[in-house]
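Notes follow once the structure below has been shown.
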Amino acid sequence: MKPVLFELFGLKIYGYGAMIALGILAAVILLDKRSKKRGYNEDHIFNMAIVGIIGGILGGKLLYIIVDIKNIIDNPEILKDLGNGFVIYGAIIGGAISVYLYCKKKNWDVLKMLDLVVPSVALAQGFGRIGCFLAGCCYGKPTKLPIGVMFTNSPFAPSNIHLHPTQIYSSIFDFLLAFFLLWYSRKAEKSGRVFSLYVIIYGVGRVIVEFLRGDPRGNVSMLSTSQFISLFTIIIGIFVFNIDRFRKQ
């Protein structure tokens, strides 16, 4: 764990923020490169990326407030720390809605654009999870496996206990998913296939990793909030993947 990477002219550069920024930069560069090959205007793509990022930030914060509303009501000062509290599924949903609205404004094919965007999203998530590891948040359950990691003086993870490095599991998974989507996008013939595979595969992976998470978070019955949302995203993904078949029926 390394919450503060280094200091520059007295300014602390935090690992979590640095990885988020690096992930966004990598995602935008990848999106710009791929969109040019498909004839999209660079300025329009950049504007859409900004709108999507803003929507993602707002969505991530909003879902955090919804999930942790009881604790926030008891301790409203939590909201004063703008860097605290963020739910990735809220960011995905908020970003997707923003991209959808922008596509409608530009009369773009929504599914084609989502196909173009999701590899960049997965790439950004991979960097973001490294940031989680550096900060010590989103930690795993105790483990006796050699792969277990120990945090010291973390404001989030318990100290001096070997824990599953769920942040690293998620990061590796996200990077592999990004590369798979890039590969599949070259052979996908129908709009929506890349996007649908993203929400299906990410949903399945998230359900699995959540079983290893040890940090406190919201739940719906026996499932964590993210597992509950994942069930719906998987269903949506399956529907979109087979949308042509449903239309014919």
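Even glycines carry a Cβ here, placed using N, Cα and C.
What Swiss-Prot records for 11-31 (among others) is transmembrane segment. Non-local neighbours of the transmembrane segment (11-31) in the same chain are 2-5, 45-46, 49, 53, 83, 116-117, 119-121, 123-128, 130-132, 134-135, 137; each lies 6+ residues outside the stretch with a CB under 8 Å from one of its CB atoms.
Per Swiss-Prot, the feature transmembrane segment maps to 49-69 (among others); the stated evidence is sequence analysis.
Feature annotation from Swiss-Prot assigns transmembrane segment to 82-102 (among others); the stated evidence is sequence analysis.
Long-range contacts of the transmembrane segment (116-136) within the same chain: residues 1-3, 5, 14-20, 22-24, 26-28, 30-31, 34-35, 38, 52, 88, 92, 95, 99, 151, 154-157, 165, 167-168, 170-172, 174-175, 177-178, 181-182, 185, 194-195, 198, 202, each at least 6 residues beyond the stretch ends and with a Cβ under 8 Å from a Cβ of the stretch. Feature annotation from Swiss-Prot assigns transmembrane segment to 116-136 (among others); the stated evidence is sequence analysis.
Here the transmembrane segment (163-183) has long-range neighbours at 118-120, 122-123, 125-127, 129-130, 132-133, 137-143, 145, 147-151, 157, 194, 197-198, 201-202, 205, 209, 212-214, meaning same-chain residues at least 6 beyond its ends whose C-beta is under 8 angstroms from one of its own. Summarising the annotation, Swiss-Prot assigns transmembrane segment to 163-183 (among others) and lists sequence analysis as the type of evidence.
If one looks beyond the transmembrane segment (192-212) by at least 6 residues along the same chain, the residues whose Cβ comes under 8 Å of a Cβ in the stretch are 89, 111, 114-119, 121-122, 140-141, 164, 166, 169-170, 173-174, 177, 180-181, 184-185, 223-224, 226-227, 230-231, 233-234, 236-241, 243. Under the heading transmembrane segment, Swiss-Prot lists 192-212 (among others), citing sequence analysis as support.
Marked as transmembrane segment by Swiss-Prot: 223-243 (among others).
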